[in-house]
Amino acid sequence: MAEPSRTSPCHPTTTEAADPAALRLLLVEDNPADAELVAEYLDLAEALEVEIERAARLEAAIEATRHGLVDAVLLDLGLPDSTGLATVERFLAEVEEVPVIVLTGEEDVDTGVAAIQLGAQDYLLKNQLEPALLGRVVRYARERSRAQEEKRLLAAAFESAHAIIITDAEGLIQRVNPAFEAVTGYPAGEVIGCTPAVLQSGCHDTAFYAGMWSALHEQGWWSGEVWNRRRDGSLYPQWESITALHDRRGKVTHYVAVFHDISEQKRLEEALSEQATHDRLTGLFNRARLEELLEYEHERIRRSGGSCALVLLDIDHFKVVNDTHGHPAGDAVLRALAECLEQQLRRVDQAGRWGGEEFLLLLPDTDPAGAATLADRLRNAVRGLELPPVGQITISAGVAHLAPEESVAATLQRLDDALYAAKAAGRDRVSDTSPASEGSR
């Protein structure tokens, strides 16, 4: 029995590891020229990554499909060991779960239509092949196959941990599983005969649901994130996949929705995002996030004009606080200063811990004079804090404007120089090295 061989201009070597995202296609074609042409067209098809296995005889194709991982089959009807529609019948009798696209050289479409009636997903006439059509048919066959596979799995997985809803063609719920009751809080008896709209949260507009139904009508399946409402009124996010089930005539008979609660996943994602962008001690932005915001503001000013002032704050004699009262007391001082900053800033302002006891403020649409006024107000507010056992603290601040004609690094150097000047002048003061400008915060 002939072994299947690999051919593909898309994948010129056979030793490379298979791309798990690529569509694994079995091309059953005994004519080398035709096989190369099909492979070339697949290579030209947009948004389609394909790994091609080739078999020149039907028996070899059956063996390859039984023992290999194949997503779709392109089946020629003129093989050395089988011709015509008998080829389709023999193949589908042996292999039931892989989508088959028939390649025929017949001038009329009767053979192709007959092949579909026998169970093939689609057909292509060799004399009408072109890359876009071939790619589209192959993609559709795989997508439809996935939907059919999900349909088969649902029958066995109805009692799974994932919630399942089965509706009729009009969308009326016919059956739900125990996991549905656990996730939503609705007993089956309360939702049978209703539509899934009973779960709608109001978080999605009509366009969202229109898009969902459009996908179901056009491709037979949809998947995505949905926010729904439990019986107790609480909202939760779920990941949902919906499949349209068809009868042999292609008419929709049911819809099957499988979903699971992703609240914990969302919580973890938010926690990870928080850790990546925020300082754990103070809850303010960390240095990495501040650097991103600086670049964003610099680009905004360079492109569109406007202004942005920067303030760099430093707690005076902070080392003495740590050495005298201990690091827990020092941490409490940092948190108190962070809270004070948040109370004094506008919603559009950004504050973060630049490092150690230094804090950086980004003040959009603020000139240096306005920033200096704010910094002085902050200085006075901090002096008024009572922080046992430390008592009172003071801060020094440097002010600079974010200039579009210089780099962010150069601006930060000016800002650091301004802070140093405030320290050198006796601390507990604000220093502004920027040119005086009109207007205020």
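Using N, Cα and C of the backbone, Cβ positions are placed for all residues, glycine too.
Remember, predicted model here, so these are calculated numbers, not experimental data.
Feature list (source: TrEMBL):
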- 24-141: domain 'Response regulatory' (DOMAIN)
- 38-65: coiled coil (COILED)
- D76: 4-aspartylphosphate (MOD_RES)
- 150-193: domain 'PAS' (DOMAIN)
- 222-274: domain 'PAC' (DOMAIN)
- 306-435: domain 'GGDEF' (DOMAIN)
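Proximity of the residue listed as '4-aspartylphosphate' to non-local residues of its own chain (separation of 6 or more, Cβ distance below 8 Å) is seen for V28, E29, D30, N31, D34, T87, L103, T104, given in sequence order. For the domain 'Response regulatory' (24-141), the predicted model reports an average pLDDT of 87. Secondary structure of the domain 'Response regulatory' (24-141) per DSSP, as helix, strand and coil residue counts: 56 helix, 29 strand, 33 coil.
Across the domain 'PAC' (222-274), DSSP helix (H, G, I), strand (E, B) and coil residues number 12 helix, 30 strand, 11 coil.
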